[in-house]
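Q: Let me give you the structure first, and then I'll get to my questions.
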Amino acid sequence: MNRKNKKDQSAGTESGPEIDRRDPAEIRAERFRMSGQRETVEAFVVAFILALLFRAFLAEAFVIPTGSMAPTLMGAHKDLVCDRCGNSFQVGASLERRGPTTDEVVVAGICPNCRHVNSMDLAGTSDHETFNGDRILVSKFAYTISEPERWDVIVFKFPGNPKQNYIKRLVGLPNETLTIHHGDVYQRPTGSDARDQMIRKPADKLLAMRQLVHDTSFQSPALIAAKYPSRWQPWNAEATSPPADSWKVDRSEDGLTATLDQDAAARVHWLRYYHRWPDQPQWDRADKGLSLADVDPYSSRLITDFYAYGSYVTIDADRVYDYAPSSSGSGRLSRLTSLFSGGYSTGQFSPSYKSGAGPEQFGGRASFGSSGLSRDGVHWVGDLILEADVETSADSKEVVLELVEAGVPYRCSIDLSTGVATLSIGEDETRTFDLHGDETNLHPSAPTSVRAGSRHRVRMSNCDDQILLWVDDELVEFDAPTTFDVRSYLSDAENHPKYVNAGNPLDAAPAGVGVRGGTSSIRHLRIDRDKYYIATKAPDAGMFDYDVEAFSGVTGGLSSHFGAHQLKRLMGELQDVMAQPELWSDFTGWQARRSVSFELEQDQFFPMGDNSPESLDARAWAGTKLRPGMTKEADAWARADYVPRDLLVGKALLVFWPHSWNSPVPFTPNFRRMKLIR
């Protein structure tokens, strides 16, 4: 019996559960560790699934590759501070990354404010390297719950290759016929005989899309020392030179101040803007300490669709590098560096390259922009925005803002005793704003906070056939429409820049600020322009608004076959005309500007890039041929000049990571350019 019990106990010991004799606290700790590890793994799995769902249905990050949406969104680019006036600007550099090896190098860019050609110190300044494009966040859910809105920045699949994402601004909506004419966009219902109506940008979009022309906050000490005339000059009617009894303009490195002494005369004293800048020989004279006081202060030229982003100066890579940057650099260090430079190695500089020296070191071989004409634009832009910081004395009577387009003055007069702002078109009563109900609308008015003896920042725009006014960044609401239709008082043949003489400069001095009575001072002035959409359907022939064959007849004629060299010569001649006001009124080449139209049907959208001269967008898609390796799905849309609804990806929301800076320490965040996309 005892032997049996012992046997049973022995068997129980061998086959029964093992007794854990560790301390209970240790057992609990192990269970917690195992539970925590399991929860960690589960958390990673859940996070991964949520990330996939977020990317697929809610939002996704994209990198901007090119400059078609500049300056709203930057592709690969150079970030510069002008070495003459201190203005910050960007120039495109996407062409450096078109292939596995850099074939062309961006070595300089043109400041939009003072137009100085800024050379780059590629070898000695780390912040002159080519930066990656903006990283943006795109909402994929936005158009599931609401319709796309005009002027949204959208991401979509390119109809010619649905595997490729594009980003542009939505301009045309379904079931409308879109017409691009003189830089503006019109629409009417598709199939309708109704007259085209101007598409106007909301105030916030207009300010987000504006392009700098000139800002007095940024001054060149060299030009001040050389007595180069300010772009802002005192002017009175019929004056042939700046009057001595008017505004006194003082400039320093800190900016511009214009003062008007006590005046009891019942007239408006004007300070007007003359659009000009030094040419390279004049910059050279200023740098040598020579005088530029002989420049006519009333000399001017037309404001054009110049884009600083497109002003890149390029040269063949073999003139800068012995070994050009490539996407397949050898060595661990090269590969590591390329991770932060768009996948390209840094390259090895040639001993003959003078880093920081001007483009002249290349003996005239450098190219200015994609067309070689980037020192200025080739399309006149009359849609302008004027901004001024004005302070008046207690006995001042009136402040007047004026913008001139096609010889027509558009004015905003502010009565300093009441603060009432009143708008007008022209000098007579024949040009009116759109009807207010059934009533003629000659002078829309609105109350403002502007009074005598106070200081305010005022801004006036004449864009898209509409006058807008801001006081201290607050949009003013008028008692009647401030929209108008220029076609009601100017024919197409009359809608061009005009000039009479220095005493009546019209479009040669397209912006002005006037004050009547008392003493006044102006501490800041700025001019911006609106976007100019180029009317074209054939980008291979050049991104120009002109019917080239018709235009060539005006300038002396070229052969019927236009090559790149002939087009460059033709547009160069046009730039010469734009710099000579006495030619504007009688120049018949303005009639060569064309219009193009696009018909949209149900679920068809028309996007365009903000950088119109360098944007491959819906204007130029029609006729795209199926290229080798492209799918049949791409072929279905190969001739489409629109984006079908099912190729929309989402709405661009914000720039969450622009390029970082290389100094003062590497990877310094660029907080200034983190922004919502408008």
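All positions are counted from 1 along the displayed chain.
Even glycines carry a Cβ here, placed using N, Cα and C.
Okay, these came from TrEMBL:
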ACT_SITE  S68  active site
ACT_SITE  K168  active site
DOMAIN    122-187  domain 'Peptidase S26'
REGION    1-25  region 'Disordered'
TRANSMEM  41-64  transmembrane segment
Q: If I take every residue in the domain 'Peptidase S26' (122-187) and average their pLDDT values, what number comes out?
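A: Across the domain 'Peptidase S26' (122-187), the average pLDDT comes out at 94.
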Q: Do me a favour and check the Cα-Cα span between S68 (active site) and K168 (active site); whole Å is fine.
A: 8
Q: I want to check the contact list for K168 (active site): same chain, sequence separation of six or more, C-beta distance under 8 angstroms. What comes out?
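A: Set apart from K168 (active site) by at least 6 residues yet with Cβ under 8 Å, we have S68, M69, V153, I154, F156, P607, M608, G609, S615, D617, A618.
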Q: Through the lens of DSSP with three states only, how would you label S68 (active site)?
A: coil
